[in-house]
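Q: Pasting the feature list from TrEMBL:
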DOMAIN    A:18-246  domain 'ABC transmembrane type-2'
TRANSMEM  A:21-42  transmembrane segment
TRANSMEM  A:104-125  transmembrane segment
TRANSMEM  A:131-156  transmembrane segment
TRANSMEM  A:163-183  transmembrane segment
TRANSMEM  A:219-239  transmembrane segment
Amino acid sequence: MLAVLEYHLVNYRRTWRGSALSSLVLPLLTMLGFGVGVGSYVAGGVDGVSYLDWIVPGLIASTAMQTAIGESTWPVLSAFEWLKTYFAQAAAPLRVADILGGHLAFMLFRVLISAVAFLAIALAFGTLHSWWSPVALIVAMLVGLSVAAPTAAYAATISSDSYLAILLRFAVLPMSLFSGVFFPVESLPVVLRWIAYALPLWHGVDLSRDATLGLDPGWLGLVHAAYLIAWCAAGCWLAHRRYRRRLVI
Amino acid sequence: MASLIRARGLIKRFGDFTAVDGIDVDVRRGEAFGFLGPNGAGKSSTMRMIGCVSPPSGGVLEILGLDPVRDGPAIRAKLGVCPQLDNLDIELTVRENLTTYARFFGIARKVARRRADELLEFVQLTERADSKVEPLSGGMKRRLTIARALVNEPEIVLLDEPTTGLDPQARHLVWERLFRLKQQGVTLVLTTHYMDEAEQLCDRLVVMDGGRIAAEGSPRELIERYSTREVVELRFNAESQEPYASKLEGVGERLEVLPDRVLLYVADGDEAVAEVHRRSLSPASVLVRRSSLEDVFLRLTGRTLVE
């Protein structure tokens with residue numbers, strides 16, 4: 001599994017500068033756009049904190065989700081369909097779990113980098129209000145795995161990338177919009193609210209917000225964490241099944 | 001001596017379709033063993049089972065004395081696999097393709113680097129070591145894939161159609177490298193539908209058709225058993241070659257009428273040509289040649305294209 005992670009890291013070495021830069025630019029633009037722009041319209045803030053402070057932890061979780069989706073869609077499809085690199089790995093003495101686990105570990109590494117970058121920028125803008133803020137990184141990793149694993153399972157099932165567009169439009173986009181990143185889920189109609197509760201992101205957003213604002217999550221925090229872990233476990237189980245079906249036939 | 005690969009009644013099914021239908025195979029240490037057959041004969045399915053990425057549906061399969069289902073990783077550690085379609089990493093450099101792959105076998109980084117350099121020398125890619133894979137020619141990519149298959153110093157190298165799609169120069173270079181490997185005592189198992197490739201490389205081969213083994217032996221044995229020493233190809237200036245069949249009755253051991261020519265399978269080609277002239281037949285062209293594996297192949301698997 002480590003050898004597979006190492007392989008992905010060697011591959012990443014070629015493009016890391018560009019991707020590291022973009023993981024800094026995105027939060028910077030966010031600070032300016034939402035903090036200065038949108039923030040000035042939301043004069044009263046949300047739940048007693050300024051809009052920027054309120055939105056930053058949600059965006060960290062949301063960025064983790066986006067990075068995880070990016071790494072578990074086209075790269076996985078390509079490794080099966082276009083470059084067929086998974087099949088080369090399967091011919092070596094690796095198990096399906098090594099091939100999948102090594103790739104997921106790399107995806108989490110990418111999630112961690114983008115979350116760290118976001119947190120650092122947030123710190124520079126003075127939007128972090130608690131020593132608990134680094135916990136947002138752990139939350140980001142949980143969110144990352146909870147979407148990367150099932151998405152990798154999905155990408156292992158399809159044969160063309162038009163199915164990825166469907167995933168982005170009907171799962172990722174609604175999840176980004178309705179998971180309490182930009183406004184509290186309580187302002188959604190009940191039906192949409194339940195969609196937010198069902199998908200993993202809202203749970204991460206809520207935990208992340210508690211971490212950077214220093215709020216006590218109480219028993220709900222445990223529920224969030226347990227729910228995210230359940231998504232991770234189910235996703236890994238499903239991905240392993242799908243990978244196995246493709247690699248061992 | 002014990003076989004490195006031993007199959008008895010080996011079967012592979014995909015749903016209702018039986019790709020491999022009960023084959024017996026023994027591959028001995030140090031030999032080059034070939035699976036010949038038309039597309040869809042079951043060659044690649046057999047290779048995938050030997051490569052331990054495809055569990056058999058029935059029968060017995062032992063590789064290096066181990067069970068491919070239970071001991072897959074242990075067997076794969078001693079195999080080198082050169083797949084039909086290159087699955088190199090086009091984003092990585094030529095050398096990185098070898099070093100990262102070596103790591104999958106638990107080979108130390110330092111050893112991997114040294115071995116990569118040796119192998120690049122062996123497949124004549126040293127000058128391209130630091131270039132990316134994408135711009136390489138088909139022959140170079142194929143040689144790199146072969147080098148990658150050797151990175152763990154395998155006991156058996158599996159080559160699925162190693163020269164399909166390569167130009168003649170590139171094919172000859174690949175053959176020459178594979179021949180060198182064989183001389184070094186590496187066991188080669190390859191599939192091909194090129195008869196010249198099989199004659200060049202294989203000590204022993206099986207001809208597969210419809211998932212079964214149609215014949216087995218060395219190229220020479222197969223030619224002796226299934227063909228004659230020589231073949232006379234006659235071309236008549238006529239709408240159809242068919243009427244000449246009866247006139248050529250008995251000239252050779254066997255006769256085959258093709259749309260454009262008639263083939264006579266004979267022991268002595270010149271004697272047969274003389275007989276043709278004695279029967280006052282005057283073909284527009286006459287070619288006497290030695291029997292090849294291709295004649296065996298076409299006799300066993302038929303000329304009709306099955307797709």
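Every residue, even glycine, has its Cβ placed from backbone N, Cα and C.
All annotation found in TrEMBL is predicted automatically rather than curated by experts.
I'd like these features described in context: how deep, what's nearby, how far apart.
A: Here the transmembrane segment (A:21-42) has Cβ contacts under 8 Å with residues 50-52, 55-56, 59, 63, 67, 113-114, 117-118, 121-122, 125, 127 of the same chain, all six or more residues outside its ends.
Note on the transmembrane segment (A:104-125): residues 1, 4-5, 8-9, 12, 19-20, 23-24, 26-28, 31, 35, 52, 56, 59-60, 63-64, 67-68, 71-72, 133-134, 136-137, 140-141, 143-145, 148-149, 152, 212, 236, 239 of its chain, located 6 or more positions outside it, place their CB under 8 angstroms from a CB of the stretch.
Tertiary proximity for the transmembrane segment (A:131-156) is limited to same-chain residues at least six positions away from its ends with a CB under 8 Å from its CB atoms, namely 57, 60-61, 63-65, 67-69, 71-74, 76-77, 80, 100, 103-104, 107-108, 111-112, 115-116, 119, 123, 163-164, 167, 200-201, 204, 207-208, 210-212, 214, 225, 228-229, 231-232, 234-236, 238-239, 241-243, 245-246.
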Q: For the transmembrane segment (A:163-183), what are the same-chain contacts with Cβ under 8 Å, counting residues 6+ beyond its ends?
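A: Residues packing against the transmembrane segment (A:163-183) from afar: 46, 55, 58-59, 61-62, 65-66, 69, 73-74, 77, 151, 154-155, 192-193, 195-196, 199-202, 205-206.
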